[in-house]
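Visitor: Take this structure, written in structure tokens, and hold onto it; I'll ask about it next.
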């Protein structure tokens with residue numbers, strides 16, 4: 001199958017992850033897709049293709065030449081659970097002319113007025129949603145590109161070293177990769193294929209932490225509340241006011257970090273806020289965590305009941321310091337991109353990838369593009385011709401790893 005047909009096949013599986021289930025993988029559809037992928041791998045000749053009990057799919061393309069490097073490619077099978085990925089009805093737009101694209105009968109439109117990057121794809125084939133679901137390009141485009149590259153590598157029998165491929169569950173909720181079998185995977189370095197526009201090559205990501213701010217109040221009848229009531233919601237609002245107003249996702253870009261209030265639930269007696277903290281710079285990241293602690297301490301000094309508890313948990317770190325000592329992994333991919341007519345674009349990831357965790361476990365693992373855009377929403381799309389190029393980039397990198 002072509003990359004396009006493989007992708008359309010993969011997105012017919014509902015694999016949205018769900019952090020509330022406590023299961024691994026978090027949703028059963030991921031194992032259903034994993035079993036299908038194992039079948040595809042075996043059909044193309046990957047004899048050791050298998051899925052473990054946690055839903056990870058692994059396989060090996062044996063070397064056809066003497067090379068010292070074992071190279072890996074990784075993509076994730078789950079999709080963002082915040083938007084439905086069930087019963088996806090893709091639209092295939094051939095020879096895109098640069099005009100707005102109506103998304104089915106949803107009333108939504110994918111327009112270059114809102115997303116100017118679309119104009120870079122005039123004349124190409126786009127795959128969009130019908131406006132009722134996400135598309136699943138994040139990261140089934142990456143899965144499709146790796147599978148199709150593997151198939152062609154096996155068919156063409158060009159010289160290459162040992163190649164490992166893996167497909168992971170629950171990347172979107174951050175709980176899957178901790179169970180990845182790094183030792184069994186046995187690679188010198190690898191790439192996650194989980195980026196965006198053609199040419200992206202990423203090896204810097206956020207340092208990240210989750211923060212839970214719990215505020216305990218005291219409820220009493222409003223008619224006799226003066227001097228007695230502590231409204232936890234009001235204290236929570238005051239807590240938020242102590243954080244920098246401009247350090248939020250909607251007002252930052254590039255290397256700028258932020259605090260993000262992800263959820264809030266409360267009443268007079270108890271309010272719980274969930275934050276995420278992000279910064280590329282380790283020092284600034286530490287300052288942000290300390291500021292959240294200090295805001296809680298300030299309010300606990302102000303209110304005799306000491307109502308605020310702040311709990312912070314680091315979740316992942318910037319992979320840059322793990323990648324730079326192994327810069328050959330970047331050089332190899334830059335060369336592979338240029339040989340396929342693509343100029344690498346190195347940008348900081350305003351998020352995280354499975355590769356960040358793997359890099360800290362001894363597997364240097366930068367991230368490359370998939371050819372998609374507008375992930376995690378109903379305006380998501382992929383560019384078929386760009387996916388074909390990325391497939392070829394994977395093949396080139398595999399052939400040139402020494």
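Note that Cβ sites are derived from N, Cα and C of the backbone, with glycine treated the same way.
Because the structure is a prediction, the values reported are computed rather than measured.
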Visitor: Which residue of 138, 194, 210, 354 does TrEMBL report at the same Zn(2+) 2 site as 172, 376?
Guide: 138
Visitor: Let me know which member of 76, 260, 280 TrEMBL also records as binding Zn(2+) 1 at the site of 138, 194.
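Guide: Record check against TrEMBL: Zn(2+) 1 site with 138, 194, extra candidate from 76, 260, 280 is 76.
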Visitor: Quick check for you: of the recorded positions 76, 78, 376, which have their Cα within 10 Å of the Cα of residue 171 (active site, proton acceptor)?
Guide: 76, 78
Visitor: If you take the centroid of the Cβ atoms of 76, 138, 194, the listed Zn(2+) 1 site, which other residues of that chain have their Cβ within 8 Å of it?
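Guide: Going along the sequence, the neighbours come out as 75, 139, 142, 171, 172, 192, 193, 353, 370, 375.
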Visitor: Could you say whether, by DSSP, residue 194 (Zn(2+) 1 binding site) belongs to a helix, a strand or a coil region?
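Guide: DSSP assigns residue 194 (Zn(2+) 1 binding site) to coil.
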Visitor: Which residues, in sequence order, are found in the same chain with Cβ within 8 Å of the centroid defined by the Cβ atoms of 138, 172, 376 at the Zn(2+) 2 site, excluding those residues themselves?
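Guide: Those within range, site residues removed, are 79, 80, 134, 139, 375.
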